[in-house]
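Here is what TrEMBL says about this protein:
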- 176-248: domain 'Cadherin' (DOMAIN)
- 249-366: domain 'Cadherin' (DOMAIN)
- 367-480: domain 'Cadherin' (DOMAIN)
- 481-588: domain 'Cadherin' (DOMAIN)
- 587-697: domain 'Cadherin' (DOMAIN)
- 1-18: signal peptide (SIGNAL)
Amino acid sequence: MEFGTRIFIAFLVSQVVCTGSQEEEEKAECVPGFQEKEYRVEYSGGFLKDIPLLQVVFDDCTGNEGVEFEVSNPDFLIDEKLNLVPRRHVIDSGDVMFVHGVNNHVDDMAQVTIMGAPSRSPQTLREILGLSDMMPYRSKRSLLVPPMFVPENQRAPFPRLIGKVISSNMKEDHIFRLTGRGADQDPKGVFSINRLTGDVAVSRALDREAIAYYHLQVSTTDLSGKLVEGPADLDVSVIDQNDNRPVFKEPRYSGEVQEGSPTGTTVMTMTAYDADDPNTDNAVLRYIIVRQLPDKPSPNMFYIDPERGDIVTVISPHQLDRETLPTTQYELEIVAKDMAGSEVGLTGTATATITITDRNDHAPEFTHSLFQASVNEGSTGVVVNLTVDDRDDPATGAWRAIYSIINGDPNQNFEIQTNLDNNEGMLSVVKPLDYESAMFHTLLIKVENEDPLVPDVVYGSSSTATVYITVMDVNEGPVFFPDPLVVIRRENIPVGSFVAMLNATDPDYLQTQSIRFSVLRDPADWLIVNPFKGNVTTRAILDRESPHVHNNQYTALFMATDNGSPPASGTGTLIITIEDENDNAPYIFPSVARVCEDSKDMNVVIGGRDKDIHPNTDPFKIELGKQPGLEKTWKISRINDTHSQIMLLHSLKKANYNLPLVLTDSGVPPISNNTELKVQVCTCKKNRMDCSHAGSIQTNILLLLGLVLLSILCL
């Protein structure tokens, strides 16, 4: 960019900086930049080489180190004493020039007006407007339209002149016309052009953050509105003013760092945003930490990268110890300042809360090396709580304890679990202990953390403890052996028959105690036991078909009680498998048969059943009763071992008939049953059987036989 353009932009920026810094001027004694913005020099026919014209007043408030000055007219310079000095003899100086002063702290502009000097040739207008020979201007025919720049947030009065459009063919009856966004389009009326002179003016204060660039068109017309020249583009750029403070997304940020982290560990990143022009220092941010709470053990435990906003640790790993720090949370007040952090920059503030997280750098330690407890034999449950100390964070696996039994429990009688509320180890008996087998138990317990220890920390001797368990003697009940006791007996044995001999022993063999037996549960009341000897005999007949017998087995419960103080008892089970005897006669099924009176083939299928079991049941033999003549009316045919078919040899009238039958099982000796089959002869129509009137006539089978014989003789 040529010097003229930089001069013009810098001048506008200087206005922005000055305007945007008015709030700061009220508070600060020094305002960086030119202390006087406008200077005047009398023109007396020209200026002599190396003769100072005036001295500018410039102060960057830090000693003016590295300040560079440029003058818009290359025939002049600012010397080391801040004098404006001609480089050569100058006659054509022009009536105005600009002085630009800049370093890392300030960028400002001053204007020098040469009173009484003739205007420079038209070519110098391009210099004043910031246009060099290397920057082509927009033109159509002879219309010269330079780019224009307007600082945002200008104050009244308005309108303000911002530039000039030149037409070399301008005539008295020609006028300038301005169109586009900001002129005759929304937002309307922001810019206007003098119809006769081409002066372009802004009518109100602009906001770069709302609209940063306006694209308009300039043309000339005659008085009738006929286009003469153009349209040509007019670009107006809104120059940023530092009118926006840096803003953090959130007022509070949270981060964490593990204790013992190396110096320089990144904790978190703070990011603020500035709505000003990102291409200017107005939006260039720098971050600083202005306060740390608490400020122990050092007020500078953390550092923030000024440009990136990364917060890193400064404190040494040894000092970054969660267990020794005064707190586990630190609050940092972070300030973001624009203008690259210069004194005139605007600021925004946020709070960063940093939590020092735990690592497992402390092994758990038992509070005692020896714990003692006592437990009654035969019982289970927690017998002792083991306590430990751990300096790590209780909310982490670096504090939570895991206990294990490493010696003294070969039979796995014990179990230890962690109480999640207080981290204690709950030692429990899970398999009952026996006083007579072992009166004492010595356990070695180890405690560890859920999380592994850091490499430079190990579990020491304090991470193990010894537990002495004393077993207390308790009067235990007698124990039956075997339990259950299974015997086999045949049903129907005589009352008083021997069934079984109960055997029970007292676990308290170190004491001399007697045992008494008694019946605890005998569902059928079949048994009796000798209280001293334990022999079981029958007091009633054993019946395999009893409802108290299941799967041929009868179960009774007995109790053995010692004479200890207090007495203790135990129970044992006697299972009697009962063998079957042929003591139940078979019976027919079904007991009632129905046939149709007009049926040509009157057949009935019946079967036999028996409460006994094989071999005292089937095959069954089914025969007609012993009454004479039955075989002339009925016939029985065997189907299989359990069923036979009865055929009626003559038609019968509708009635109920009782047919005598003899049913015999296969037992040794066999048992026969003289029974009757009730035969109902019914009326059958359309697949419906009506037996409602069959019961009104009860006909004995003998009477039936007599009628049949009489009818045969008559024939």
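The backbone N, Cα and C atoms fix where each Cβ goes, and this holds for glycine too.
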For the domain 'Cadherin' (587-697), the averaged pLDDT of the predicted model is 85
Grouping DSSP H, G, I as helix and E, B as strand, the residues of the domain 'Cadherin' (587-697) number 6 helix, 56 strand, 49 coil
Grouping DSSP H, G, I as helix and E, B as strand, the residues of the domain 'Cadherin' (176-248) number 0 helix, 39 strand, 34 coil
